[in-house]
Amino acid sequence: METALSGEPRKFDPKFRGPIHNRRCTDIICCVIFIVVILGYIALGVVAWVHGDPRKVIYPTDSYGQFCGQRDTLNENKTILFYFNILKCASPVVLINLQCPTTQLCVSKCPDRFATYIDVQASYRYRPDQWNYFRQFCKPGFNNPRKSVAQVLRDEDCPSMIIPSRPFLKRCFPDFSTKNGVLTVANQTTFKDGRGKTRNVTDLREAANGINNVLDARSVGMKIFEDYAISWYWILIGLFIAMLLSLLFLVLLRFTAGVLFWIFIFGVIGIIGYGIWHCYWEYDHLKGIPGSDLTVYDIGFQTDFKVYLQLRQTWLAFMIILCGVEVIVILMLIFLRNRIRIAIALLKEGSRAIGYIMSTLFYPIVTFLLIAICISYWAVTAVFLATSGEPVYKVMANQTLCKYANLTCDPETFNTTNVTKLCPGAQCTFAFYGGESLYHKYIFIFQLANAFVFLWLVNFAIALGQCTLAGAFASYYWAYRKPADIPLWPLFSSFGRAIRYHTGSLAFGALILAIVQLIRVILEYLDHKLKGTQNSFTRFLLCCLKCCFWCLEKFLKFINRNAYIMIAIYGKNFCTSAKEAFFLLMRNVVRVAVLDKVTDFLLFLGKILVAGGVGVLAFFFFTQRIPVFAQEVPMLNYYWVPLLTVIIGSYLVAHGFFSVYAMCVDTLFLCFCEDLERNDGSTAKPYFMSASLHRILGKKKLSPKKAVG
């Protein structure tokens with residue numbers, strides 16, 4: 001038999017009776033590379049764990065490179081970072097990610113009052129309590145209120161002022177509030193800066209821009225956490241109901257797939273027909289009304305769309321367009337009716353196949369666990385890589401003309417240098433984590449490699465699941481007598497074949513997809529960085545590249561999916577399987593399009609029904625509208641928190657079950673196309689398709705044994 005597209009003769013094994021069991025390993029080179037990369041990935045994680053220190057993320061770091069709140073240190077009970085002069089900080093992003101150019105100390109609590117060093121020093125003799133409170137925000141060990149104010153501020157022994165603050169992300173930020181639309185701190189709009197000036201609270205706005213909104217979000221976050229804590233049990237019940245509904249929908253598809261599809265089609269035809277009638281009614285109703293006979297060209301462009309609705313020409317155009325759509329839909333149904341019947345029959349056959357191999361419905365749990373492991377390993381490795389640097393200290397000087405400012409320094413030898421003489425008040429303080437070693441120079445490359453291998457492993461886990469399910473469902477299709485000839489434990493057998501013989505092929509397909517996805521990530525990063533640029537050509541080029549690689553990724557996912565099905569059936573390498581799958585689909589391109597759309601519609605309808613049904617039930621439950629369970633409903637801050645969780649979770653549960661069904665239909669379709677090409681329905685070459693598919697094709701009757709299936 002000659003292939004219509006490839007031009008090469010296809011040779012069929014006359015003894016073929018389903019997925020080949022006597023296989024050989026495929027794409028061995030890629031398998032070896034994949035294993036080496038995994039070992040290298042493990043080594044990268046080990047190196048990152050040795051050099052990294054997550055405490056740099058968990059704990060804030062003071063000006064001396066010490067962690068706030070770390071156990072068994074002097075700062076064990078000092079968990080919050082305090083800034084001497086927060087006015088020097090440009091924004092909260094600088095405070096959290098980089099370093100603010102002011103002394104930072106670990107404190108046990110944030111200031112709760114306004115005070116200046118000048119006022120405290122002047123009154124320390126008869127108000128020692130004020131001094132004792134203020135000096136907890138000074139450098140450890142400093143207790144010399146007699147030292148001149150100028151020297152204290154120069155050496156930064158104490159802050160010039162303290163303002164009421166509250167901790168956020170373990171850092172002290174001004175306690176902003178709004179009173180009658182005016183920004184205040186502790187109900188005050190002004191404060192003394194400790195340097196002889198009275199400042200407005202708005203001067204703190206830039207240093208703590210957006211903190212109020214974030215703090216409010218934090219409050220909302222705490223309430224949401226409380227809602228989850230008291231409603232998780234009912235959320236799980238809702239997801240369990242979604243699982244049962246998904247199973248029920250898949251079972252009912254065997255009997256209702258055709259009914260649901262034709263109801264939808266005739267509904268669309270009816271809606272379009274009503275639209276045609278309404279357009280004609282509006283066209284006839286406007287007859288004789290002054291101005292209605294004007295053309296669109298006569299009135300020109302109008303921003304008010306209602307103006308066009310007063311013209312007969314508008315409704316005539318709408319009616320012609322809808323008539324054209326109606327004719328196209330009807331003609332497509334007439335000419336594609338047989339292919340639609342085949343698609344519906346395959347959907348019913350898919351439901352029957354899952355009924356015989358129920359274990360396939362729970363395989364997505366395995367894929368989920370594998371992906372969860374990949375995500376966890378990637379996230380942990382990324383954190384350790386990001387915290388692999390050593391403490392870097394820089395000279396911080398009050399004088400803007402100090403030539404040593406921002407240069408690296410050694411805190412142990414800093415006092416022996418002449419920097420303090422040339423730049424009075426200069427200090428060697430902690431700046432950030434970094435390093436000059438070879439390892440530290442290539443941390444960005446390691447992060448890129450971490451992301452790439454992560455994408456590769458995730459795509460491999462998905463490929464393994466697709467190949468495993470395809471092998472199981474192919475075993476069903478190529479069983480001559482169903483279910484008698486279905487092999488024992490088809491899912492586990494297929495999983496074993498995929499791992500033992502085709503790890504290299506699955507890794508090859510996953511590698512191609514991972515490369516494209518990494519390029520897309522890089523393009524998104526570049527687009528984010530260049531978003532503020534005025535170069536329109538650059539933005540246009542990036543947009544085109546993003547669009548092209550998005551299309552390429554979708555195409556590769558389609559090719560890979562069908563290649564894995566061919567690998568599961570014939571056990572050939574990735575390239576050969578991809579080529580055969582592609583040309584097989586191209587020879588049945590109309591059937592592919594019809595089946596794809598019919599399947600997408602029915603499964604989307606199923607997801608909406610499951611998520612919507614469970615969502616409505618959850619809404620009535622959490623709003624106490626079900627009298628029987630009114631006393632069982634927990635008291636919530638926001639009832640929409642568990643409600644949205646149940647709706648989204650139900651959709652994901654349905655998606656997990658229906659993804660198995662979609663894989664089943666795709667596998668049965670490829671097997672169906674292969675069955676038509678390699679067999680002719682004769683006694684020597686009988687069809688393996690079901691009796692319903694056989695009747696739709698109008699072929700010769702099946703043998704009595706086959707008709708039983």
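Placed from the backbone N, Cα and C atoms, the Cβ positions cover glycine too.
The annotation transmembrane segment is assigned in TrEMBL to 25-50 (among others).
Among the features that TrEMBL reports, transmembrane segment is placed at 232-252 (among others).
For the transmembrane segment (259-277), the list of distant contacts is 318-319, 322-323, 325-326, 329-330, 333, 340, 344, 598, 601-602, 605: same-chain residues at least six beyond its ends, Cβ to Cβ under 8 Å. Taken from TrEMBL, the feature transmembrane segment applies to 259-277 (among others).
Under 8 Å from some Cβ of the transmembrane segment (315-336) lie the Cβ atoms of residues 265, 268-269, 272-273, 275-276, 279-280, 282-283, 286, 309, 590, 594, all in the same chain and six or more residues away from its ends. Under the heading transmembrane segment, TrEMBL lists 315-336 (among others).
The transmembrane segment annotation in TrEMBL covers 356-380 (among others).
Within the chain, the transmembrane segment (453-480) has long-range Cβ neighbours (under 8 A, six or more residues past its boundaries) at 16-19, 34, 37-38, 41, 350, 353, 356-357, 360, 363-364, 366-367, 370-371, 374-375, 377-378, 486-487, 490-491, 493-495, 497-499, 502, 506-507, 509-511, 513-514, 517-518, 560-561, 564-565, 567-569, 660, 663-664, 666-668, 671-672, 675, 686, 688-689, 705-706, 709. Look at TrEMBL and you will find 453-480 (among others) tagged as transmembrane segment.
The annotation transmembrane segment is assigned in TrEMBL to 501-523 (among others).
Annotation source TrEMBL lists transmembrane segment at 601-622 (among others).
Annotated transmembrane segment per TrEMBL: 643-663 (among others), in sequence order.
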Among the recorded stretches 356-380, 501-523, 601-622, 643-663, which has the greatest number of Cβ pairs closer than 8 Å to the transmembrane segment (232-252)?
643-663
Interface check, the transmembrane segment (356-380) with the transmembrane segment (601-622), three or more C-beta pairs under 8 A:
no
Contact set, same chain, for the transmembrane segment (25-50): CB under 8 Å, 6 or more residues outside the stretch:
377, 380-381, 384-385, 388, 439, 446, 449-450, 453, 456-457, 460, 500-505, 507-508, 511, 567, 571-574
